[in-house]
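According to TrEMBL, the feature domain 'Aminoacyl-tRNA synthetase class Ia' maps to 67-134, 215-789. If you look up TrEMBL, you'll see 832-950 marked as domain 'Methionyl/Valyl/Leucyl/Isoleucyl-tRNA synthetase anticodon-binding'. Per TrEMBL, the feature domain 'Leucine--tRNA ligase RagD-binding' maps to 979-1037.
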Amino acid sequence: MADTSVPKALEALTLSKTKELKGTEKRDTLVEIEKKYQLKWEEDHIFEVDAPSTTEIPLDSITADELREKYPKFFGTIAYPYMNGRLHAGHAFSFSKIEFHTGFARMQGKRCLFPLGYHCTGLPIKASADKLVKEVEMFGRDFQRYKEKDEEEAVPVVPKGAKDDVTKFNAKKGKAAAKTVKVKYQFQILQSIGIPMEEIHLFADPQYWLQFFPPECKKDLTNFGARIDWRRQFVTTEANPYYDAFVRWQMIRLKELNKIKFGKRYTIYSIKDGQPCMDHDRSEGEGVLPQEYTALKLKVLEWAPKAAEKLKGKLPEGANVFLVPATLRPETMYGQTCCFVGPSLSYGVFKAAENEYYVITERAAKNMAFQGAFAQEGVIEKAADVLGSDLIGTLINAPLSFHPQVRVLPMDTVLATKGTGVVTSVPSDSPDDFAMVTELAKKADFYGIKKEWAELEVIPIIQTPTSDLLAPYLVKKLKISSPKDTKQLLEAKELAYKEGFYQGVLKVGDFKGEKVEVAKPKVREQLVKAGEAFAYCEPENKVVSRSGDECSVALLDQWYIDYGEESWRAIAYDYVENKDGTGLNTYSSDTQHAFKGVVDWLRQWACARTYGLGSKIPWDPHFLVESLSDSTVYMAYYTVAHWLHKDLFGREKGKGDIAPEQMIDEVWDYIFCRAPLTDDVITKSKIPKATLEGMRREFEYFYPLDLRVSGKDLIPNHLTFFLYNHIALFPREYWPRSVRANGHLQLNGEKMSKSTGNFMTLDDVVKKYGADAARVALADAGDGISDSNFVEDVADNTILRFYNNKEWIEETVKGVDQLRTGELNSFQDALFDNEMNGLVNDAKKYYEETSYKLALKAGHYDFLNARDSYREACNAAGIALHKDLVFKYIRLQALILTPIAPHWAEYIWQEVLGEKTSIQFARYPDVPAADPILTAAREYVRQTASSVNSAEAAQLKRMAKGKTSDFDPKKPKKLTVFVTESFPAWQAKYIELLQEVWDPATNTQNLDDKDLNGRIGKMGEMKKAMPFVQSLKKRLRDGEPADAVFSRKLAFDEKTTLLAMVPGLKRTAGLESVQIVAVAEGSKKGKNLTNGGEEVDIKTPVADSAIPGQPSFLFENV
């Protein structure tokens, strides 16, 4: 029997940092409702949507635009999830954006298509399956031979490294960096996600992953309440012959368009796997690209004694040996004064050709071996090992340098993990080099060198606006005293590179007088032609394949997509820039900037591999299409998937009764509006004309894709490829309309991580909180491209809110006879009715903007608060709630929450309001715009009630400081509210200023806040003027008429409003009585409005602080 105990390696996965629930009765009640309606929606096929049929509207009787105008539609997708595990909360966050948008679009009367497929292409599944094969051999079928003492190790996190090229966009986190698992073996990972130990061996077959995880994904999303049309689901790779045919068509057409090419190019490469290692094949280093250097050949003229002794007899007589530094700045080689090695580093002497050897690190040799630098491709032949310290003092030739012969010197900061481990020194333009040679000259004896070796003249070679010896200048300016001043040296390096490259002019050499950025490639070409240099590439940062291999760079003959083609790139850039508003909507400038950055640097992308799962390259079938190249236009496949097959794998024909082999390339061309329908296509495919027209109708109706949602980490690859491929393959009217990139999801304010226990799958979240509470917490998490935060307390509190609101609604409806009827009153009823209208329209605006956090606030939190305020106001006034408003509230609350919390909304809709059809078919409520006068009155009521509490607290605070007062809060008390109709004279000039800079047409100020504040400051009275001006601006932005604001009139009757508030104030503040007294500026008399306007004496200075809209308050004992 298998050992089912949890090994120590899994302990980190079983300790959860997530919130512990104390009671689940309310949650269980809500979940029961959710399950009921999820089943009902599935039985009624609520989310299955089709284009208007060609029987209903013949294909050629109407244009696609006219059809979409007559029958509005929405088509949205998320990047299909990879099927090597369960969906987690981060997946759910991206899903929620499409889910909420789809829910709202349905309420706009649109036919909404939200489909989902399953990505299985590439290396991860195959690599994991292969690991399991080995682990079964090691530990037995059920891993019974595994012992706890077996090695455990943590999967490392991608290290933070300096960015080599600041023009390239990189997501802050990639999928690979988003999680670490404190386990070593694949079987442990599967066990940690709930796979029974006795079933894990089945995953040694890569095809089993395709059978197991897609149904789990569907189950999790169904439990989440997703509005997905499951008829259109599919898996990628050859496992589905229809999708396989679609990918073949895509690749063939791209090749015909000369977008796919064949040739030598540098690519990240796994020697272990024997193939390129693209982004989705990596466990570390997602987004890392090849970095190209110029490798310089510095010929050894005389070995240092230790090196000569070490190498004696190991090299052929007369062999040419070169130290080979890799540089990004070949144009500076005129200024070489020495060459650095790491004294503690180990170097190899590698055979490059007959009688030619290179001194470099082992890592560099691995790269060069697959770049044509060695005699035999992929063969590394090492003649000897030598320590860096043994090389110090070696005399070498320095190509192009004014000092033809230089020495090898020590530099402790040389890394074996960057370049070749050999660094040529140009102290005129490299601050690091200048600092080091200065140090060596000062401490020659300490470093074991001759002082003169480090004192060769530093010759100016590049003129910049600052200096022709830029490095010495910056070292002096930044007060760098030694190579250990790393922070200042990093700053100096960046300054030197930018100024030297972009503003420098060569002072020497064959290209004297030319700008550095122009001369650089010419100098490089000159060196290469002279045989003194060659091209060398390595990964920008560390890359590890999913098979555990640290990758290098290979120069391979391979199929690649030429995303750098100038005309293609220009079209993509213009579409992203969207100057005329007909291009790509990215919802945020950050997302647009990221796309533009990628389009700027993206060039060639390998689209083929030999290992993994996928579809074969049609014209070169021993290659597979790589995983980021078969997933660029599959959204088009969704439109016809249900016509082709009924199941994931395409084993059962769909509504079109079409076999996979009938889907020839010409059929795809017709369906996707690339070509007309001819008799030849019908004859060759044997597909009836009506069926072909039906599929074309589906595509031309639902396309273009209205919204694509994905994590921001896919902008540098998938999302940009997605744009390029649509541009290449489809007419412009079918290019994607928008992309919404979201940040990564934190959990309770911390990064999600299995190793720390701060991790939840989607199944975990839904089981713990139910679907609607989870959806609310996801909406509340955030909407921007920066990282968002799923807070469990939000989900937990939502359970309570939904349950209590449901209970209140049911009890209130049950006691309907106790509700008030007849005309609405002008205070409590009018304000509540108006506030509901305003919040419904606010939520609509936010839904349209895809600002779901704000939509949730308006449609749930504020809506609930509005109801509670209405209840309190009616209770204080001693009147019942009005029946019409109660039912309006219930109806509106259900409707405006439908996109985010559809289960709760459906329950209220059908079981409380008695509606017969699903709320999923309901329209978003159309209510009048909020009346700004009533809005202003409502805001006044809230502010005044708050101010009363603050005034009492302030009066008590003064007493606590020892100031005399007759007021005792423990005794019966009364409140006098002083109100006035006249504004203080000092405010007039500020009203005139605001009137001058305010544009009533746009309801905005035409002067920025900084300048406006400056003008206010010059007018004096800043302390009281600023709050006054801000209050005026708020009134204007809230919709009050500008004439009323600038004429210093309130939009509502303040006295009448205060009198209406009296009952509520008495109750909430525990007062015996409330007096409303009208006063005039400077007068000692007032009118008691609560007593028929009788004249009263004003004895307190508090009355003088009252202004229209801001009454003053006095508490006294009675």
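The backbone N, Cα and C atoms fix where each Cβ goes, glycine too.
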Open item on the list: Please compute the mean pLDDT of the model over the domain 'Methionyl/Valyl/Leucyl/Isoleucyl-tRNA synthetase anticodon-binding' (832-950).
Closed with: 95
TODO: Summarise the domain 'Leucine--tRNA ligase RagD-binding' (979-1037) by DSSP state, stating how many residues are helix, strand and coil.
DONE: 39 helix, 6 strand, 14 coil
- [ ] Count the CB pairs under 8 A between the domain 'Aminoacyl-tRNA synthetase class Ia' (215-789) and each of 67-134, 832-950, 979-1037, then give me the winner.
- [x] 67-134
- [ ] Run through the domain 'Aminoacyl-tRNA synthetase class Ia' (67-134) and tell me, per DSSP, how many residues are helix, strand and coil.
- [x] 35 helix, 14 strand, 19 coil
- [ ] Please list, for the domain 'Methionyl/Valyl/Leucyl/Isoleucyl-tRNA synthetase anticodon-binding' (832-950), how many residues fall into helix, strand and coil according to DSSP.
- [x] 91 helix, 1 strand, 27 coil
